[in-house]
Every structure is written in C-alpha cells, then in structure tokens.
Amino acid sequence: MTDHLIDPAASHEKLLIIDFGSQVTQLIARRLRELNVYCEIHPYQNVDDAFLAEFAPKAVIFSGGPCSVIDEGSPRPPEGVYDLGVPILGICYGQQVMMQGLGGLVERGHGTAEFGRAYVVPHGELELLQGWFEGDKEQVWMSHGDHVSKIAPGFEVYGTSPNAPYAITADVSRNFYAVQFHPEVHHTPNGAKLYENFVRMAGFSGDWTMGAYREQAIAAIREQVGDAHVICGLSGGVDSSVAAVLLHEAIGDQLTCVFVDHGLLRKNEAEEVVKMFRDNYHMKLIHADERDLFLGELDGQSDPETKRKIIGKLFIDVFQKYANEIEDAKFLAQGTLYPDVIESVSFSGGPSVTIKSHHNVGGLPEKMGLKLVEPLRELFKDEVRALGAELGLPQSFIGRHPFPGPGLAIRCPGEITRAKLEILREADAVFIDQIRKHGLYDDIWQAFVAILPVKTVGVMGDGRTYDYACALRAVTSVDGMTADYYPFEHDFLGETATRIINEVPGINRVTYDITSKPPGTIEWE
Ligand code: XMP
C-alpha cells in the first residue's frame, strides 16, 4: 500500500481477486459487494507469496483473462496460493490456470471453443451449486477458445455443457472450485448464487456494511491525516459532498472546503450548497465568489474548446489561490471512486493504474506539494450514495443528476452572456420541477435545458415576440458513456413547453432533443 491509501478494510474479512486481465473482473467485485463481502482486485503480477501472507485472504478468486495458458510466459498465480488452505474459485482462464497448475491439461480449440450463451447440465451434487439447476439446465455465459482436456488429480466434474465437458469442476476436499463460464455477468442469470454459495462456504460473515465502512474510514482518515489540515474542493455533487461530510466527521475543523462559484451554476445552487455545508454541518467553507472573473474571461468567446480551456485554467488558479491561504494544509481530498482506481492488467507493459484526474483540480496535488486523501476509493457509486444516506445527507443531494464542472457554459452554445445565463437558469428550474412533479427524476440519468444561440419569431397575446429558443435534454444511461433520450409522454412535453414559455421571459420556443449518444454527446458542447 502506498502512503496515501487508507485501508478501511484492515479488520474486515477479505477476499482476494487475482486479475488475469478479464474485461469483467470488476463485476466479480460487484457481486461480492452485494453480499457484504470486502474484496480487492490485484493484478497477477503484483501477487507473490509475500503479498499473500500480508493480505491474508479468507478466500481467493482467479479471474478470467485474454491469454492462453498454453503460451509460454502466460500469467500464473504464485504457487503458494494453493497452500494457503483457503477456498479458491477459478473462472474461465482462472479455471484453466488452476487445472494446469495442479496437474491437469489444457488444449487449444479444435471445435471446442464457446462464445456467448450456453447451457450447463448438472453432474452430481455440489454445495457450490445449491439453489442452481431448478430446471434441468442453467444458462451461462461462455467465452473461451482453449478448454480443459484433463482435470487435475483430486477434481471431479459437476456440470457439463456441449463444448465444455468440464464446465464445473471441484476438489471438494481442498475447497478448490473451477468453472469455465462467467458467473459474474448478466447473461449468467443465476450466477450470483454461485458467489453466494462460495462466500458462505468460505465462512464470510458479511461484515462489509456501510455502517462498518463509516467507522473504519473515519479511523483511517484520522490516522492518515494526524493533526494536519485538509483541503476539499466542494462542488455540491454527490462524490465531493459525501467525501466532505465523512472527512468532517473524522477531523472536524482540520477540514476546509473550497466551493468555487464560477457564475455558471444552476438556480439557487450556490446558496443551497453553502447553506447545507456551512449552516447544517458547520464546516469551514470558503465560498469563492469568482463570477466576475470567469464571466469576464469568457466574454466574447464562443468556441466550445476555448470556453472549456478558459474555465479549466481559471478553476485551478482560483482553487490554488484560496487553498494557499489555508495554513498547515498538507492534504487534498478527492472523491475518487473504486472503478477509477482498479488496477487493470496491461499486457503491453505491466500493470497500470488508471486514476481519474479530478475535472477541476487535476494536477494540483503535485503542484502544491499536497498528499491525497481519498476516502471513497473503495466504493462504487451506489455505495457512495448509501454512505451519504448513512451520514445523514438529504436525498436531494445524494440522488442528484450529474452536473459538469464547466456548468452552464456548455449548455449555452455560442456567446455566454449574463442575460442568457439568467434565462437558462429559469428554464432549467422549470424543467427539473416538471420532472420532479411527474415523479420522473430518478428514472432519468440526467436532464437539463440548453439555451440556443438563435432567436425565433413567435406570437404571444396579440404581439409579436422575438426571443430565444431552448432545447430540453433528458437521457437514460448507466455511466454516461452511452445514452438514449428519455421517452416522455407528449402531454408532459406540451405542459413543460407551455410552462417554460409562460414563466420564463426571453424564451418563446421549446424543442426536445431526441439524439442518442452516440452519435450525439449528452451536453451540447
Ligand atoms: P458528454 O457531453 O461528453 O457528457 O456526453 C457525459 C457526462 O459527462 C459530463 N461532463 C462533464 N463533467 N466536467 C465534468 O465534471 C466536464 O468537463 C464534463 N463534460 C461533460 C456530462 O454532464 C455528462 O454527465
């Protein structure tokens, strides 16, 4: 562990996932989290006998992977893993590596490859399969070219598929289990049951709960930070809000949050954030009102990339300016999440760590000589929300739609003016109000209004109007990488358009953006 990592799992029962490079290793972790089991994914290169001794797992899972065990130099677990005396589950490549390591045989394809849906039929009783095979076969997801042609001594076959005679194998006396398919993926509909059985058999008590996490994370933050000061950039988004509240609970006044108002926030947003954290939580909070600076620099700019660059640079300058005023600051808090830090196996040059650079303070820790404190780095997004609830943050904060760092600037194509921003804020507030009133907020991943750089002619009462057109945008998505437009009822759209035109001076035409991503992006710039 590097010195900036906290280890909230120190006293938890731990499961080790040895990663051989599968695309879906994260999903194994996800399934285990759902069972309240703490696990860590480590690339096989980093796992040696010393690591195993220190980590002391209660059980081990070998992930799948893209290599062939037949090839020289292909990934292997350390041999000592088989002597730990703990249950091991091998998946796909993990099965093959286990069979080969323990004296079985793996061969290449020749008509035995299987990709996609397959059906496994049972072959005898096995505790790992309890609750499975309610029918006479189970759907599973296969993705293998090589196959096991001879199982290792001590193993028996408990399930077969047309192209995998050793689809499910086990050496019950040693608690070693190995399957050819991927129980962690959606297309193995009952796969979670396998993990449930595995962790039960391994003796996990399910001690990975949010309440326990909270206590341990607080202890770990205190230990890491000592009596130094921590700076936390607060945007009002879920991650930074939860990180701030957790840190505050741990170190109180040693924490100072910096909230930068760049003049591109939504209606009442600055007031709400400041009120919540300063008045409710009594946090030390710097409200950096830098609206004039940002809007001044953006004046006359209409190119999307130029706007983003201006905002990004100013943000860092401003953040640094305020952070420099905080005495004895040694740490910068970031709301980095688990999917951002999972070490993935790179077959082109050793393990690589992907860490999301925070949109707004990227590069700052090095520049300012600060160490990082990342109290959410063990959590998935929905777990961050659960922790937020555990910490008493209101649902209105926890369940918020994502909001981009550059704010309304990228929802105002063309030139940004204060007048247009004001119109946009009002229209956006009406749209979100409509969505909430109709009970749709949680079904939609993100929703907002963009004000278009075009005025159109209309007629209101007996008079001609010449005002801005706006576009409503509402999408469904899982991760923001792909998205589809939300299929509102026509009545909803009609009612919303009427409300916006009636209630928001400056807009006389409303359109609904029905572009998916790809080919569009979610934001307009
Ligand atoms: P796009 O428009 O690329 O957006 O489809 C995908 C998601 O990312 C958000 N987004 C940003 N978030 N800083 C952020 O913090 C940014 O610069 C940024 N640009 C886009 C966007 O709101 C959507 O949720």
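Yeah, the Cβs are placed from backbone N, Cα and C, and that goes for glycine too.
Feature annotations, courtesy of TrEMBL:
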ACT_SITE  Cys92  active site, nucleophile
ACT_SITE  His182  active site
ACT_SITE  Glu184  active site
BINDING   Ser235, Gly236, Gly237, Val238, Asp239, Ser240, Ser241  ATP binding site
DOMAIN    208-400  domain 'GMPS ATP-PPase'
Cβ-centroid neighbourhood (8 Å) of the ATP site, Ser235, Gly236, Gly237, Val238, Asp239, Ser240, Ser241 excluded: Leu234, Val242, Ala243, Gly335, Phe397, Arg400
The domain 'GMPS ATP-PPase' (208-400) [mean pLDDT, rounded to integer]: 86
Rounded distance in angstrom between the Cα atoms of Ser241 (ATP binding site) and Glu184 (active site): 31
Packing count at Gly237 (ATP binding site) (other Cβ atoms within 10 Å of its Cβ): 19
Gly236 (ATP binding site) versus active-site residues Cys92, His182, Glu184 - nearest by Cα: Glu184
All-chain count of other Cβ atoms within 10 Å of Ser235 (ATP binding site): 23
Rounded to the nearest Å - Cα separation of His182 (active site) and Cys92 (active site, nucleophile): 7
Which of Ser240, Ser241, the listed binding-site residues, has fewest other Cβ atoms within 10 Å: Ser240
Cβ neighbour count within 10 Å of Glu184 (active site): 25
Distance [Cα-Cα, Å, rounded] between Glu184 (active site) and Val238 (ATP binding site): 27
All-chain count of other Cβ atoms within 10 Å of Gly236 (ATP binding site): 20
The residue listed as 'active site, nucleophile' and Ser240 (ATP binding site), distance between Cα atoms, whole Å: 38
